[in-house]
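Following: one structure in structure tokens, then a few remarks.
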């Protein structure tokens, strides 16, 4: 597996750091031990390891003006899922003789301060394609390289390196699924490394370290909302859920999207692994390998784009399109997005958001979104189509913002890509009224949610 172009050093004569040096491992996503390229590289030749996560006020600080409990960027369900994931990561690190160092503040400033304070010779963090993290990473990387600190930032959140796909396509992202799959080929295998222990912590100096905070520690009350998501965060939960899914080999082999019952609430009709992929609690490459192992035992199986592996490829397709398209998260200035004169009607938006449309199926989905922070992909299709081209003709960016806030698996590339898709603004232009595809004589799910 190649290390460049995201492996750099402040000293051109140094390719591997000498024994006795310290490594700072900066967690953002990639909240796992398994198949963690940054962790693996950080431990090589390191006398000390500093595993760091920075509580970003931009993401975590309570916003009393938001339409639901949470920060200005994320609802309380997703913040809770993240904290659970951090607790699990901390426990897994402690089992290996280390721990997660929690700091608070602007992530770039905090990491730079740690690099100054500690005897660090390597800085390792997973490459992130989102614009927000791209800006942060440039600041930190520039400081580290100027200080002679080796920087290793591998692509490991996706199956493929989006930059590689774009290069293969002549410098532009492929805008059809078929062309993407043809260019992509097979992804790299996950790491087989199993860590039995990790280097100890070094001297922490004056940096203010804390334990993983609780919701209350962040300034939220215990009664902020009536119902929390039934899905618990963390690598341990991700691997447990993955193992349960893979045990049903016939289900894995026969998985076919868009089939599935979006109104199944006792046992969801999908894997519900998307939030674990979003936070990197589960490696996409390891997930891919597990599915392939099932396929080997059951040669007769579905194929992309509808298969389970096909869904992982869709994820990479949107990541690549987002990485290679300026202004991907908006209509204006976005070369791949249709310029549509959407309605500017906050009353319609609010009725949809607050589950007051009068359409029982639509309202039940929006209640589930608020309470659980998750819903079946066909349910997402229904409410997105209804808000945009299917009925209300409200701008897809407004709906995107609601999903971005409330979903525990909200993912910048996938969320924007799907809203453009479902509003017929890009990728696909045939209107499909999902609200007409759901029938239930008893309406158990709608009654349960209402």
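Yeah, the Cβs are placed from backbone N, Cα and C, and that goes for glycine too.
Whatever TrEMBL says is automated annotation, not expert-curated.
Taken straight from TrEMBL:
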- 21-159: domain 'Photolyase/cryptochrome alpha/beta' (DOMAIN)
- 270-274, 311-318, 409-411: FAD binding site (BINDING)
- 342: site 'Electron transfer via tryptophanyl radical' (SITE)
- 396: site 'Electron transfer via tryptophanyl radical' (SITE)
- 419: site 'Electron transfer via tryptophanyl radical' (SITE)
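Residue 318 (FAD binding site) has 419 as its nearest neighbour among the recorded sites 342, 396, 419, going by CA to CA distance. Take the binding-site residues 272, 312: by the count of other Cβ atoms within 10 Å of each Cβ, the lowest one is 272.
Within the set of recorded positions 272, 312, 314, 316, 419, the entry lying nearest in space to residue 396 (site 'Electron transfer via tryptophanyl radical') is 419 (CA atoms). For residue 342 (site 'Electron transfer via tryptophanyl radical') paired with residue 410 (FAD binding site), the C-alpha to C-alpha distance reads 23 Å. Distance noted between the C-alpha atoms of residue 410 (FAD binding site) and residue 419 (site 'Electron transfer via tryptophanyl radical') is 12 Å. A straight line from the CA of residue 419 (site 'Electron transfer via tryptophanyl radical') to the CA of residue 314 (FAD binding site) spans 14 Å. Taking Cβ-Cβ distances under 8 Å and a sequence separation of 6 or more, the neighbours of residue 314 (FAD binding site) in its chain are 177, 305. Using a 10 Å Cβ-Cβ cutoff, residue 274 (FAD binding site) registers 20 neighbours.
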